[in-house]
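Take a look at the structure set out below.
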Amino acid sequence: MADQSSEIVNALSSEMEAVSVSSTQASSSSDGFQMSEEVEKRYKIVRSIGEECIQEEELKNLLAKKAAPICYDGFEPSGRMHIAQGVMKVINVNKMTSAGCRVKIWIADWFAQLNNKMGGDLKKIRVVGEYFQEIWKAAGMDNDKVEFLWSSEEINSKADKYWPLVMDIARKNKLPRILRCVQIMGRSETDELSAAQILYPCMQCADIFFLEADICQLGMDQRKVNVLAREYCDDIKRKNKPIILSHHMLPGLQQGQEKMSKSDPLSAIFMEDEEAEVNVKIKKAYCPPKVVKGNPCLEYIKYIILPWFDEFTVERNEEYGGNKTYKSFEDIAADYESGELHPGDLKKGLMNALNKILQPVRDHFKTDARAKNLLKQIKAYRVTR
C-alpha cells in the first residue's frame, strides 16, 4: 500500500508537465506575458465568473497553453434546487464552455450520504441528482460540453487511484487544518461531527486531482478546501496547481440571511416555483429604500438578471418616471440609492425577469413525464441538514 500511495503522488507531481504553470513561467507572465486576442477574450469570459481567482497569472498561462482546460464543479444532491444552484450554475457553466473549457460536474452522492443529506439514503440522493440534471437541461445548460459524473460510480471503478490519494492527503494534514474546511459541508468547527464528516474534506480535496482539474469553479464557501488542494501541491512538489475560481454566494431573501436555506421557503426562489410563489417571495423580501449594501433584491439583479438578459427593465407609470431599461448594475444602484428607483418598482421588474427565466423549467416539469415524477418524489422527501 505504501508503494501504491507513493506511485499516486509521483504521478500527480509529474502529470501534465507540458502545460504546467511553473513559478518561472508565472513570473515571466507578470513581467510582460502577452496574451493573444483569442486568449484574452477567453480569459475575460472565465475571469468574469469569479469573485476571487487564485491565481490570475496562472489562469492566463493555462488558457494560453491549453485549448480545453478541465473545469471541475460539484454538488451534493440534497433536496429542491434554489435559483443560485440553478440559474447561476447555468450562467457559469455556459461561460466556461464558451471559453473552450471541458466541464466535469461531480454528482457527489457518496458525499451527500457522508453528510447525512436525505437521511443518508442513497436511493433518494440518486433521485435528487437526476432531478438536478433535468433542471439544468430545461434551463439551457450546454450539456453537450458537460460531463456528469457520479462520485460513487467513478470512485468504485478507479478505487486503486482514488483511495491512496485520499489517504496521502489525510496523512499530510493535521486534524485542525481539516476541521477548518468543514464549512464546505455547511458545518462549523464547533459542531459535533461524525468521523465520516471529518473524512469528507480529504475526499473533496482528492476529487480535484482525481478528475485532473485545471480549474476549481465552486462557490466562495468551498474556498478553504480548494486552498488545501494547492497546499497539497506544495507538499508533493507539484508545479501545476489547480486554479481556484470562486463565484459569489447569493444571500437569502430575508434580512440578515447570508445564504439561502432550503428549510426556510421564504429565503430562496426554487427552480420550479410557480409564478405566484415567486411574486409572494419577492414581495416579502428584504429591500430597504435607498440601501444598496446587503440588499438581496439588488444581488439577484446583479448576479442573475443582468448576466442572463444583459439588461433590467422597470415598468412604471409616466407620473413616476415611466419605463426604464438599465444596462449596468452601477446605474441601477445609483438610481436606487438616490431614491429615483422605488423598492416596489424594482421588485416588480425583478419578479417579471425571474418568471421569464423560470418558465421553461416549469413547462418541462409539467410536460415531461420523467421530470414530473422526479419532482413529485423530491417534494415528498424530508430535507435533513
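Cβ atoms are placed via backbone N, Cα and C, with glycine included.
Taken from Swiss-Prot, the feature motif ''HIGH' region' applies to 77-85. Cβ atoms under 8 Å from those of the motif ''HIGH' region' (77-85) belong to residues 107-109, 112, 115, 117-118, 125-129, 131-132, 135, 249-250, 260, 262, 268-272, 300, 304, 354, 358, 378-379, 381, 383 of the same chain, restricted to positions at least 6 beyond its ends.
In the three-state DSSP assignment, the secondary structure recorded for Q204 (L-tyrosine binding site) is helix. Long-range C-beta contacts of Q204 (L-tyrosine binding site), restricted to its own chain and to partners at least six residues apart, with a cutoff below 8 Å, comprise G74, A108, F111, C181, I184, Q222, V225. Residues or ranges marked as L-tyrosine binding site in Swiss-Prot: Y200, Q204, D207, Q222.
What Swiss-Prot lists as motif ''KMSKS' region' is 259-263, and the listing cites a curator's inference. The average pLDDT for the motif ''KMSKS' region' (259-263) in the predicted structure is 73.
The ATP binding site annotation in Swiss-Prot covers K262 and rests on similarity to another entry. DSSP assigns K262 (ATP binding site) to coil, not to a helix or a strand.
Taking the mean position of the Cβ atoms of Y200, Q204, D207, Q222 as the L-tyrosine site, the remaining residues of that chain whose Cβ falls within 8 Å of it are G74, A108, F111, C181, I184, P201, M203, C205, V225. The local packing around Y200 (L-tyrosine binding site), expressed as other Cβ atoms within 10 Å of its Cβ over all shown chains, amounts to 24. Rounded to a whole number, the distance between the Cα atoms of D207 (L-tyrosine binding site) and K262 (ATP binding site) is 26 Å. Cβ-based crowding with a 10 Å cutoff singles out D207 as the top-ranked of the binding-site residues D207, Q222, K262.
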